[in-house]
Structures are given as C-alpha cells and as structure tokens.
Number of protein chains: 2
Amino acid sequence: MSTTVSPTIVHAGEGIRQVVRDAQRDGRRVGVVPTMGALHQGHLSLVDAAHQQCDVVIVTVFVNPTQFAPHEDYERYPRDLDSDAAKLSQHGCDYVFAPAVEEMYPQGFETSINVGSVALPYEGERRPTHFSGVATVVLKLLTLVPANAAFFGQKDYQQTLVVGQMIRDLNVPTKLVVCPTVRESDGLAMSSRNAYLDDDQRRRATALHASMQLARQMVDHGERQVATLQQAIESLLAEVGGIDLDYIAFVRAGTVEPVESIRGPTVVLMAARVGQTRLIDNMQIG
Amino acid sequence: MSTTVSPTIVHAGEGIRQVVRDAQRDGRRVGVVPTMGALHQGHLSLVDAAHQQCDVVIVTVFVNPTQFAPHEDYERYPRDLDSDAAKLSQHGCDYVFAPAVEEMYPQGFETSINVGSVALPYEGERRPTHFSGVATVVLKLLTLVPANAAFFGQKDYQQTLVVGQMIRDLNVPTKLVVCPTVRESDGLAMSSRNAYLDDDQRRRATALHASMQLARQMVDHGERQVATLQQAIESLLAEVGGIDLDYIAFVRAGTVEPVESIRGPTVVLMAARVGQTRLIDNMQIG
C-alpha cells in the first residue's frame, strides 16, 4: 500500500504514449499492467509489483472483443471504470489507459498476430481465435504504452507463454514479468469470472485448487506417474460434483509440452465449467 | 549529394535500438530505409529523401528469408554489404543495420503477422506467404529501429499498402513515407532483380513501362474503359514478345480495389516474367 492518489484516466493512444515517453526521457522506469477491468486482488497484486519495480505505473483497462468468440461472454463481461479507478487509488497506479473499442479497432482494422505452436493446445484448441486476439491486443497496447516492463498473472499460464513468445519474436522492448496467482482464502484463484458463480457453484469451484494441491502433495511424497496424478485429480473433482472438466494437462514448466512422468519442474493446467462459468487454473508441481 | 562519410555498420538489434533512442533523446529525427541490399539508384533516392527529412539516417540491409517461397531466389539474391556501404557513403547514411538471420529469427521463432485483405490479391495470390513475411520483418525492423519515418518505394505498390496497414493497425509510431519509382533512362523501373536479365531480356523488359505509358496517354486523351486500356497494354507486350504476363490490374489509387473505368486516381499494376526473371511495376494513370 502506498499513498492514496486517484489515477489519471487517459482514453487516447497518443496521449498515453506521450506520458510514457516523457517519463522515460526523464529516466523513469514505466510499468504497465494490461487488464480487462473488473479488477480484483489478483490485478492489484500486479499493480503492487509494478509499483515496486517501476517509477510510473499504468494500468490498461480494455475489454478486448477480438479475444472472445461469438458465443462467449464479451457482452456481459463486467465493466465499471469508476470502480476500477477507485480500487487502484491505493496501489500507486499513476494512469489508467482506457481506450474505446473504436480507438483500438477503427474501421478497416484487419491485422492479426499468430505466435505459433505455444498457442495451439489446451486453451488454443478450445478457443481457436483467443490467443491471436490476445497477442494482437497486447502488441497494440505495448506499442501505445511502450513500458519497460509488463506485468501478467501466472493464473493465465498459457497466456503468459503466448505473450512471451510474441515479445521475444517481435523484439518488443518490454520485459515480461509474471507474478504469482492470488487466491481466495479457500484456494479459488481470483478471476473476474468468479462473479458469475452462485453460492453452491462457488463452493464446488474450490475443488479445482484442492485437486491440484492433492497432486502436489502426492508428488512431494514421491509419486512420479502423471496418469496416477491425473486419476487422483479426476476422482476428487467427481466426488465434489457439479464440475464439468474440460482438460487436465501436465506440461514441462515454461512450455506446453506434455510430460508422462514428473522429472523436473512441471505445471498442471486445468479448465472446467462450473455451471455455465468456465474457469482455468494451474499450479507448479515437482 | 552530401558529404562523403562511411556509414557505421551495426549487426546487433540492441545496438541499433540504442542509436535510435540516443538520437531521439537529443531531439533528433531518425529515418529508416528498409532494404534487402543490392542497392541501386531507387534505394539511394529513398536514402536521399530520408536525409532531407531526418537528422539521422539508418539503412537496414537484410535479405529476409520469410518473404521468399522455397522455389524463389532467396539463395541467389545478390549480397554485397561492402559494396552497399560504399554506395551509401555519399548519401548521408549514418548507420547500416545488417543483422544476421540468426539475430532476426533465432531458434524457436514462430510469430507471423497477417494484415488481411490488402495482402490477398495480385502479388499475394501468386506469392501466398510473401506479404506475411514482409509485414513481420518490417514490424521487427521497426521495433529494433523505432524511427520517426520509414521510406519505401512506390515500385512495390502493394507492399506499401501492406506496410501501411500494419503500421496503422498495430499503432507503430513510425510514419510511412512512399517515394516515387526511380527508372532507368529507357523507363525500366530500378530493381535488384534487373541484374538477372541478359541483354535481350533487358531490352524487352522496357515494354512494361512503355505499355503503362501508353495506357496513361490514352487516359490523358479521354479513354475511360479499363478493358480497352488493358487490351492496348497486352497488344504492345505481345508485339515486343518474350514477356510472359502474369497479371495486369487497374485499382483505385491507395487500394487494391479493381475498377472497370477510370473515374479518379487509378493505378495500373503489372507483373511479368522476362526469361526466368519476375518483374513488377506500376504507374498512376487518371
């Protein structure tokens, strides 16, 4: 927590770019936290990290239509810029960049970015246009806000790989900083979509984290077979019930390469529907 | 012509980026001329334009593998960095950025950019991966060399539209400057690939320009029907012989939209093989 100062809200791309340039000309380090708003403690922890590592902190708030498929929740995704700005006022955020859709995607916009294999499995398979939308909007945000560092949450594991691949391949001069997932006291990963859950669903949803914890404990006690771990996760979720598992994957940490046994840093990824709400989570095990 | 100073050759991306940043921090305007080397008077006219409009001029020399198809002339494309640097020494070029292929495309590189409809017809139809390769490498060059302005030749008409779309859509803070095609005294558009032509082919190749000149004169004298103009061009080329026409297109200037009659600024585009050498050219008519 730092001093309480309301961030300055900027809507124009050229305006925020000038803010960054002026700061950097004065030798100040700029950090950016790209968000879709509906800010929660997870976002605020990213802002805190940016505030620790940088002199000027910019939070972008933009519900990006191109990363939603037509049947997804773009229209009903929660939007409340005033509330977001108020939440940011105690976290050292200097500017909120909140462009209009027409600013980001004016008539005639047609460009898209594909980052290749890291975007293909898991979320990419279920949401085929999602990561191209993410890579494209993040590049646009980083050309408008050419910060020294950009802060993303570990909860969106595959997204951090997609953004990292894009930054590396396109020589974007912004350092990617990935921060730990922030969880509710019962383990549920913070997500703007948790607001869609009713009380019963909310209780069942904690099983995602609990099942990964179980897998981690099994690894800590010597289990190495992914098949055994996966079975334990599936059993726990089935026991809780009301959870429609989409996928569980065990991958070499920092990649999307599946592993069959735990021989080094490994991440377990999962996606599931609880009611109509699709949740994702991940945890490093081994 | 300005003073004779050999440009400084820089191979590392971070090195050239620092050059640009230092210059801009001092309030100096930076111009970049992206090339594949094998420099001719067309390139040098772009360097002259950059020198007139900017304080620091950087020429990039990089034969970009991703814009060649496997059967094309990537391997035999002429490369002579010393000769290129010598040619630049009388044109106010301060730096040559000549990255290695491994610098631009390190192991694991997978990202590509697509700019949509402007890249689809004409060259895009004949060379399906070409403009994605162009858009991707130009973006990479402009993130490594974040110049105030980038200079491209009108000869590659569709390329200028692709680069313009990419710059606009991705908010790249570099102004695109398109400079007129430079021609040999007999009208042949300057091209590094002209060096592939033997004497007989070289003479026949002038018919490309002559046929577009003819179309322009017909328009100046009141002709409005594209079909008539196209027939005149084809007749002239057939008469000269040895020219394997790939396409002729009449488009609204600044677009790839075909027109059927001349009602405003119109560009005629053509591609043809003379022997094994593929040549493109264009001219504004009407």
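Placement of Cβ uses the backbone N, Cα and C atoms for every residue, glycine included.
Summarising the annotation, TrEMBL assigns ATP binding site to B:36-43, B:153-156, B:Val182, B:190-193. The active site, proton donor annotation in TrEMBL covers B:His43. According to TrEMBL, the feature (R)-pantoate binding site maps to B:Gln67, B:Gln159. If you look up TrEMBL, you'll see B:Gln67 marked as beta-alanine binding site.
Annotated features, which come from TrEMBL, shown on the structure.
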residue  : record                    : Cβ neighbours (10 Å)
B:Met36  : ATP binding site          : 20
B:Leu39  : ATP binding site          : 26
B:Gly42  : ATP binding site          : 21
B:His43  : active site, proton donor : 26
B:Gln67  : (R)-pantoate binding site : 21
B:Gln154 : ATP binding site          : 18
B:Gln159 : (R)-pantoate binding site : 22
B:Val182 : ATP binding site          : 18
B:Ser192 : ATP binding site          : 18
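Between the C-alpha atoms of B:Gly42 (ATP binding site) and B:Gln159 ((R)-pantoate binding site), the distance comes to 15 Å.
For the recorded site, B:Gln67 ((R)-pantoate binding site), the DSSP three-state label reads helix.
When the recorded positions B:His43, B:Gln67, B:Gln159 are compared by Cα distance to B:Ser192 (ATP binding site), the shortest distance belongs to B:His43. B:Gln67 ((R)-pantoate binding site) has B:Met36 as its nearest neighbour among the binding-site residues B:Met36, B:Leu39, B:Gln154, B:Val182, going by CA to CA distance.
Here B:Gln154 (ATP binding site) is positioned 11 angstrom away from the residue listed as 'active site, proton donor', judged by their C-alpha atoms.
Mapped onto three states, the DSSP output places B:Gly42 (ATP binding site) in helix.
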